[in-house]
Amino acid sequence: MNSPALPHVTIFTDGACSGNPGPGGWGAILRFGDIEKELKGGEPHTTNNRMELLAAISALEALKRPALVDLTTDSQYVRQGITAWIHGWKRNGWRTADRKPVKNVDLWQRLDAALQPHQVRWHWIKGHDGHSENERADQLAREGVAMAKLMRTV
């Protein structure tokens, strides 16, 4: 018996930080056929790498059923971490090759869990290079930074 084909979803993500650490934001664009959804958020005290990770996590967690996902990021940290480094980290009990604890382990574990229902192909593009969806994700991330700055003043 053949299983039905997975729906195809395209995701573009970005993270931003005002200071590193400092207030940060993330943005994601999800596209399924003609349907598009924008997501964004922020945290008052964070790092750029955490926001890059949270953009991918939030986008994947927003999917309601298993999908074939093409996820594009401008973060080598995220792409390399999830396609190359994570396997060794898991084997080493979430420690790096030199036995130090993995930074942002909470988010790496959350990303690992968010991937499980899906088939994800990871793509990297150069940031701020005129790629329209990356520019839009960056704008959403900057809006997330603005939201995070407001959170700090409350």
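Including glycine, each Cβ sits where the backbone N, Cα and C put it.
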### Message
Can you find which of GLU36, GLU52, GLU61 Swiss-Prot lists as binding Mg(2+) 1 at the same site as ASP14, ASP74?
### Response
GLU52
### Task
Ten-angstrom check, please: count other Cβ atoms within 10 Å of the Cβ of ASP74 (Mg(2+) 1 binding site), all chains counted.
22
### Query
Within 10 Å of the Cβ of ASP14 (Mg(2+) 2 binding site), how many other Cβ atoms can be counted across all chains shown?
31
### Query
Including all protein chains displayed, how many Cβ atoms other than that of GLU52 (Mg(2+) 1 binding site) lie within 10 Å of its Cβ?
28
### Task
For ASP138 (Mg(2+) 2 binding site), just give me the three-state DSSP call.
helix
### Query
If you count Cβ atoms within 10 Å of the Cβ of ASP138 (Mg(2+) 2 binding site), leaving out that atom itself, what do you get?
21
